[in-house]
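Enquirer: So TrEMBL has the following annotated:
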TRANSMEM  B:12-33  transmembrane segment
TRANSMEM  B:53-70  transmembrane segment
TRANSMEM  B:77-96  transmembrane segment
TRANSMEM  B:102-121  transmembrane segment
TRANSMEM  B:133-152  transmembrane segment
TRANSMEM  B:172-193  transmembrane segment
TRANSMEM  B:224-243  transmembrane segment
TRANSMEM  B:258-291  transmembrane segment
TRANSMEM  B:298-319  transmembrane segment
Amino acid sequence: MTDDTPALRLEGIVKTFPGVRALDGVSFSVMPGEVHALMGENGAGKSTLMKVLGGIHQPDAGKIIVGERPVVMSGPLEAKAKGIVFIHQELSLAEELTVAENIYLGELPRKRFGLVDWDRLYARTDAILKKLKVSFDARTRVGDLSIANQQMVEIARALTVEAKAVIFDEPTASLTDAEKVVLFDVIADLQSAGVGIIYISHRMEEIFKITDRISVLRDGQYRGTLDTAETTEEEVTQLMIGRSLDLSRNVSHHTLGDVALEVRGLSCGPLFQEIDFEVRSGEVVGFYGLVGAGRTEIAETLFGLRDPSAGSILLDGAEVRINSPADAIALGISLVPEDRKGQGLVLGMNCRDNMTLPQVDDLTAGPFVAEGSEVAIFDQYRDKLDIRTPGWKQLVGNLSGGNQQKIVIGKWLSMHPRVLIVDEPTRGIDVGSKSEIHNLIRDLAAQGYAVIVISSEMPEVLHVSDRIVAMYSGRIMRTFTSDEVTEDNLIQAISGIRSTGRVA
Amino acid sequence: MQPGTLSTFLKRGAIWGFIVLELIFFSVAGEFLSLSEKAFMDFDNMLLLFKQSAPIGIIAMGMTVIMINGNIDLSVGATYAICAIVLLDAMSWPVFAGLGDAVIPVAWLLALLTGVALGALNGLIVWKTGVDAFIVTLGSMLGYRGLVFMYNGEQPTSHLNWTLVDFAEAQFLWLHTATWFLLIVTAVIWFLMNRTVHGRNAYAIGDNREAAVNAGIRVGPHMMINFMIIGFLAALSAVVFYSESGSVNPNDGELYELWVITAVVLGGTKLAGGAGSIVSTFGGVLAIQLLRKGLAHIGADTSTVNLVIGLILIAVLFLDRQLNVKGKEELKI
């Protein structure tokens with residue numbers, strides 16, 4: 001650390017969205033020449049904080065201080081002008097344009113009359129690319145690069161201006177080990193030039209390798225800052241998860257039936273590889289991992305939305321081919337999708353019609369839809385799942401999140417599936433309804449359904465699962481029974497650390 | 001060869017290959033089927049083809065810009081008609097009575113300003129309301145056409161100025177005035193899209209709007225400028241055409257938007273934005289005009305021409321989609 005004035009300081013940042021306090025008085029500071037890690041679970045508020053810093057959201061309260069002056073960020077260009085550079089996690093690139101144009105997006109060097117100064121643009125870009133030791137040049141079309149190289153283009157943006165602070169948001173998510181070394185060199189260079197670096201990552205090994213201090217967010221609140229040299233992974237993990245949450249594990253075990261679904265060596269290109277697992281009827285298997293670990297993609301493959309590139313799927317011991325959702329439904333596999341409103345429901349239709357959507361072809365009286373049997377089905381599952389709605393005519397768009405989710409679940413139960421896949425069952429659902437959905441999932445398993453629950457919330461997987469599959473970048477790291485799982489070994493497994501011996 | 005090179009090559013070169021194919025086909029078929037004695041690839045016939053491409057072609061350059069930017073403009077046909085009326089009617093306004101032939105540049109200027117203003121209105125609405133350009137310009141297409149009919153009812157608006165006709169029919173280095181305008185517009189718009197910051201930003205916005213916003217590009221003003229450009233070009237197209245014909249019917253320019261979009265799409269510009277080439281649009285314009293002219297040459301009527309062009313358009317887009325499938329892992333929706 002070169003002097004005592006922080007390069008960037010945040011004081012008491014508050015940001016609320018309707019119904020959610022996304023950031024609740026967050027303060028922390030980055031010294032010049034420091035690599036400061038920002039950690040927290042999915043949804044802890046890291047992204048929102050970065051959006052506030054980048055001027056995409058305005059904070060409701062609090063101050064942003066660059067150097068010694070408080071500033072108001074009105075937009076990304078202003079943030080950049082003040083020396084705050086973002087390296088986004090999701091690639092923020094225009095594929096049809098060249099590498100050089102992407103790196104200088106929004107501030108192409110100009111000659112007179114608004115002409116692009118191509119010579120200067122290419123010269124500067126090539127200089128930057130040389131520092132990054134990449135194999136492509138300034139004139140390459142970004143769409144022709146691999147994802148890893150595209151990430152390097154994104155990183156190159158950090159070197160275009162005299163930055164005071166650079167924010168790296170999960171920069172290594174798609175990099176190979178060799179490219180990581182280059183990235184860490186870049187970070188070291190920036191560091192020695194006195195730039196403050198905020199490094200957002202879930203990967204403990206990286207955090208401990210390159211950062212000086214670690215700040216932790218949880219549920220939108222600042223939880224403290226640790227000196228990397230004086231802390232341990234356990235301490236950080238503990239700070240991230242906290243004790244306030246209900247981390248009780250599932251203890252009830254019902255007698256398990258036969259293997260309902262078995263997956264052997266399932267791969268789908270770069271999305272996931274060599275996936276092996278089985279689910280017995282009466283069992284809840286939780287899939288836990290970071291966003292992008294490949295969990296949803298496995299569900300989509302099982303549901304016929306993607307074609308696997310290798311491997312086999314066995315239902316009740318017999319190998320099946322699933323080419324479309326229609327095949328999956330016919331075989332008794334149902335998917336309650338991640339995005340309830342976008343993928344699970346037709347919001348403008350009423351409760352009954354949503355519930356009978358997959359089977360309305362069969363519910364006919366002559367050429368017409370048999371309204372009576374539709375209503376009968378709706379009534380049956382409304383009572384069974386305790387869906388609170390004034391009547392079947394209510395549009396599902398007007399129901400609460402919890403009741404909407406029950407409609408989706410009811411829709412699939414009415415198809416009498418063998419295997420029920422539930423992706424992020426309680427996303428955007430309030431706390432009370434959450435436990436109701438959790439109990440429902442347990443009940444369904446008790447009735448003999450084979451259930452797969454995909455979740456990014458640790459309390460949720462711990463709570464509902466008989467076994468937990470931990471995934472990390474497209475691979476299964478380890479499978480835990482609910483007796484052997486702990487928060488620590490689970491977090492380590494999904495961060496790619498194989499320290500605790502046994503591997504699934 | 002790197003993966004993607006072939007499809008890139010096909011996409012860039014396809015339209016010119018298609019034109020060559022058309023030329024060969026119509027030359028050969030013309031020998032057997034045509035009622036006329038003249039060969040299809042007669043020099044004068046080709047010059048005429050360029051000239052006839054101009055009205056659609058000039059607007060197509062603007063449409064390429066708009067579509068690269070990720071928008072669409074359905075109101076160009078109506079804008080074209082309004083500007084034609086302004087052009088012809090202004091020449092007979094009493095205010096300008098004393099000007100003699102000096103009224104010509106004044107009328108031109110008025111028509112062009114009208115086009116820019118109508119385009120700016122479209123752009124402003126798209127920018128400020130955030131409503132999709134398709135809807136906004138669908139509305140303005142109906143609205144502007146309404147203005148055309150309000151002006152003179154079902155009656156044509158006419159004013160023939162012989163100085164103007166002479167200018168429009170002039171040939172310089174064999175090429176007609178209209179052809180020159182098309183070539184100049186093509187060159188200028190090519191320069192705009194490939195050499196200026198505005199042009200490159202338009203590509204970026206159409207390609208990845210969020211990335212553009214993240215990079216601090218002001219999306220709205222760029223879109224508005226592009227709508228003003230297409231308004232200007234619709235007006236210029238009207239100026240070039242009606243200087244010669246001297247009479248505008250209230251239905252003139254109807255379906256122009258669709259012909260223009262067809263030419264642009266044939267030229268390989270993506271409907272979703274971000275990719276497209278001015279030179280290829282020029283090829284698309286020529287290809288359509290060749291088809292129309294060639295089919296007429298071998299004795300097909302208008303309805304057959306439309307059917308063939310429609311089929312070819314769909315075939316081209318299907319081919320493009322096949323070339324762009326990302327691989328087997330893609331989500332099937």
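Glycine is no exception: its Cβ is also placed from the backbone N, Cα and C atoms.
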Enquirer: Cβ pairs under 8 Å only, please: of the recorded stretches B:12-33, B:53-70, B:77-96, B:133-152, B:258-291, which one is richest in them relative to the transmembrane segment (B:224-243)?
Expert: B:53-70
Enquirer: What residues in the same chain, six or more past the boundaries of the transmembrane segment (B:172-193), come closer than 8 Å to it by Cβ-Cβ distance?
Expert: 47, 50-51, 53-55, 57-58, 61-62, 64-65, 68, 199-200, 202-203, 229, 233, 236, 240-241, 244, 278-279, 282
Enquirer: Are the transmembrane segment (B:133-152) and the transmembrane segment (B:77-96) close, by which I mean at least 3 Cβ pairs under 8 Å that are 6+ residues apart in sequence?
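Expert: They do touch: at least three Cβ pairs between the two stretches lie under 8 Å.
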Enquirer: Between the transmembrane segment (B:258-291) and the transmembrane segment (B:298-319), are there three or more C-beta pairs closer than 8 Å, counting only pairs 6 or more apart along the chain?
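Expert: Yes, the transmembrane segment (B:258-291) contacts the transmembrane segment (B:298-319).
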Enquirer: Under 8 Å between C-beta atoms and at least six residues away from its ends: which parts of the chain pack against the transmembrane segment (B:298-319)?
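Expert: Distant contacts of the transmembrane segment (B:298-319): 14, 26, 29-30, 33-35, 262, 265-266, 288, 291-292.
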Enquirer: Any residues 6+ beyond the ends of the transmembrane segment (B:12-33) with a Cβ under 8 Å from its own?
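Expert: Same-chain contacts beyond the ends: 39-41, 266-268, 277, 280, 283-284, 286-287, 290-291, 294, 297-299, 316.
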